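Notes follow the structure.
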Amino acid sequence: MPRRKSLRSQLLINGIDKSLLSDDSADSSDIDEEEVYGVWTEEPFQKEAGRSYYRSLKKNDVIYRVGDDITVHDGDSSFYLGVICKLYEKAIDKHSGKKYVEAIWYSRAYAKRMEIKPEYLLPDRHINEVYVSCGRDENLTSCIIEHCNVYSEAEFFSKFPAGIPTKRKDLFPCNFFIRRGVHLKVNKYTEPLDWSYYAHNLERIEDLLVEMEENLRPTKKKSGSRGRGRPRKYPLPNVESKESSSKVNSKDENFDLQDDSESSEDNLTIQPQTPRRRHKRSRHNSSNLASTPKRNGYKQPLQITPLPIRMLSLEEFQGSPHRKARAMLHVASVPSTLQCRDNEFSTIFSNLESAIEEETGACLYISGTPGTGKTATVHEVIWNLQELSREGQLPEFSFCEINGMRVTSANQAYSILWESLTGERVTPIHAMDLLDNRFTHASPNRSSCVVLMDELDQLVTHNQKVLYNFFNWPSLPHSRLIVVAVANTMDLPERILSNRISSRLGLSRVPFEPYTHTQLEIIIAARLEAVRDDDVFSSDAIRFAARKVAAVSGDARRALDICRRASELAENKNGKVTPGLIHQAISEMTASPLQKVLRNLSFMQKVFLCAIVNRMRRSGFAESYVYEVLEEAERLLRVMTTPDAEAKFGELILRRPEFGYVLSSLSENGVLYLENKSSRNARVRLAIADDEIKLAFRGDSELAGIA
């Protein structure tokens, strides 16, 4: 399999390490707050409104100061760039150790958000260019990844005359330059600026942002008639929109962002106009009528899942060998090469490459149990195809990922796809009409679009209209839509989907078998290649973890989590990971907080969850109606073998309204999703894996005969 050329930033810290929180409150002292949030290097210089402000923070032996340029993990396998403007802690969080950072964001010239509409792009943008923006917000210091270097244009090219090629993993993701500012809400840029004047000087950066807000913000029309006095003068902002800048020839060295229509004068005079004749007023007094309230038309953008980013080298990582190992073993980190999936990679790559080259639509169905590398393999294929597209060996294409576990309803998939294609946020019904019109009509400028529909099981509805549309659009002659469906069930099309949908999937199917213990050993050893000389893991420990996981599920993610937890245990004992520590980590993971919550549920809550699982397996749908689950619960209680089953069943019949409280409590605890709490026809589905419920209720004496 070819090695990916694209580089992605290293995610050393993914928020709070979840394995640190896997035990109960008695073990809370094991949480290393210094590792997660860092420590202050000095006393606060200011206290105001319940906050204490500091000038520097030490985290993982690295000092971060106000004015430093950093990369920040965004919580979804990607990263942002910004400059630190504030470091502080809140009085209410002082005992928890939480510390906060406020950053002014930089927007990358080749980021996804900058490639929404081609007419908004600058013709001379560079792969290492970032723009200073007006956006800023608050984040936990646990999200800080590392320092980065942001130069002016002259400094950058004096240091790197030929630029930084993407193959330089040690330089490419952490060196950038700034020559313009951007206001993303109005799609306007500033004139070229010398960033060396602003670098590491927050006062000058703040003045620049104020000037950008004044000059780049959208103009608002003023109501009322204009007087006959002196003509008003409106100063022209010294900026230009993206639309006008895209019309300038990129080969011109004297590239100017000002519009050609601007003259040398600073002000533009607008002559007064004759006011229109006033219409005859109504008899009703307008002061007695209630005015219609104005509605804010802004819509929060949908959460579109980005591709995971490639890790950097750990040569300069400040930390112990065990910390390096845990960073490499994290499920969010992406290795340099994908192990043990060469055949599946080649099949998926050839299918997508041929569809993009021929500019045709296609459907591909990928199935396999959780943790077998389905999504990771598709991401690997997409990154290689994008690299070929950037090199000009493949036509341009767009990529959109829709995760069934991250949408509240299946119809939201329409809005996500439309927003990914156009950048416009519309309702699901409107988006469906727009997409149908787009894919049924030809367009000479349309490029191919690859849609990854992950967790397809969660997008199955009773009428199956969403899946039918997504699998039918690729068959249209002008759609150029390529749908890659990923599900955990191999026979999902035959068992659940109707014949009209199954026929559109065709014979393009790629099954993923569970990993064997040999493959799991290879995967773990490849992750630990960077710390092999430190002798952190023994070969017997890796072999023991691989065999334990392969005997149960073959889930690579579970194997990596077990090894990470064993590394923490070994670091506390100043030793290396042994089979005994692997066994201890496995025992702790089976006693996770989720398992404890499920085991401590009431009898009625347990019966309801068992009924949902049975209903899912019987119907094949992730969603069920409340009345269907109630009927399933009654059926389960009839077959119970416990001595007091009849008494409990009678209580259920007499006090059936209690299920309303059961539903509310399970929904509030995040165990299930509930559409409408007050209706028996409401739809309900699990918010956790059904395997967690089976593991928690196995051996429960109250549920004998049904669980």
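Note that Cβ sites are derived from N, Cα and C of the backbone, with glycine treated the same way.
Look at Swiss-Prot and you will find 62-193 tagged as domain 'BAH'.
The compositional bias 'Basic residues' annotation in Swiss-Prot covers 218-233 (among others).
Residues or ranges marked as compositional bias 'Basic residues' in Swiss-Prot: 275-284 (among others).
Residues or ranges marked as phosphoserine by Swiss-Prot: Ser291 (among others).
Swiss-Prot lists Thr292 with the feature phosphothreonine, giving experimental evidence as the kind of evidence.
All chains included, 17 other C-beta atoms sit within 10 angstroms of the C-beta of Ser320 (phosphoserine). The phosphoserine annotation in Swiss-Prot covers Ser320 (among others).
Residues or ranges marked as ATP binding site in Swiss-Prot: Val334, Gly368, Thr369, Pro370, Gly371, Thr372, Gly373, Lys374, Thr375, Ala376, Glu455, Asn488, Arg557. In sequence order, Val331, Pro370, Gly371 constitute the residues six or more apart from Arg557 (ATP binding site) in its chain with CB-CB distances below 8 Å.
According to Swiss-Prot, the Mg(2+) binding site annotation covers Asp454, Glu455. Reduced to three states, the DSSP call for Asp454 (Mg(2+) binding site) is strand. Over all protein chains present, the Cβ of Asp454 (Mg(2+) binding site) has 22 other Cβ atoms lying within 10 Å.
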**Cα distance (Å, whole number) from Val334 (ATP binding site) to Ser320 (phosphoserine)** = 20
**Message:** Can you give me the Cα-Cα distance between Val334 (ATP binding site) and Asp454 (Mg(2+) binding site) in Å, rounded to a whole number?
**Reply:** 18
**Prompt:** What is the separation, in Å, between the Cα atoms of Thr369 (ATP binding site) and Asp454 (Mg(2+) binding site)?
**Reply:** 13
**Asked** The record names Val334, Gly368, Thr369, Pro370, Gly371, Thr372, Gly373, Lys374, Thr375, Ala376, Glu455, Asn488, Arg557 as the residues that bind ATP; what is their largest Cα to Cα distance in Å?
**Response** 21
**Message:** Is it possible to list how many residues within the domain 'BAH' (62-193) are helical, extended or coil according to DSSP?
**Reply:** 23 helix, 61 strand, 48 coil
**Asked** Within 10 Å of the Cβ of Gly373 (ATP binding site), how many other Cβ atoms are there?
**Response** 22
**Complete:** If you measure between the CA atoms of Thr375 (ATP binding site) and Asp454 (Mg(2+) binding site) and round to the nearest Å, you get 7
**Asked** How big is the Cα-to-Cα gap, in Å, between Asp454 (Mg(2+) binding site) and Gly373 (ATP binding site)?
**Response** 12
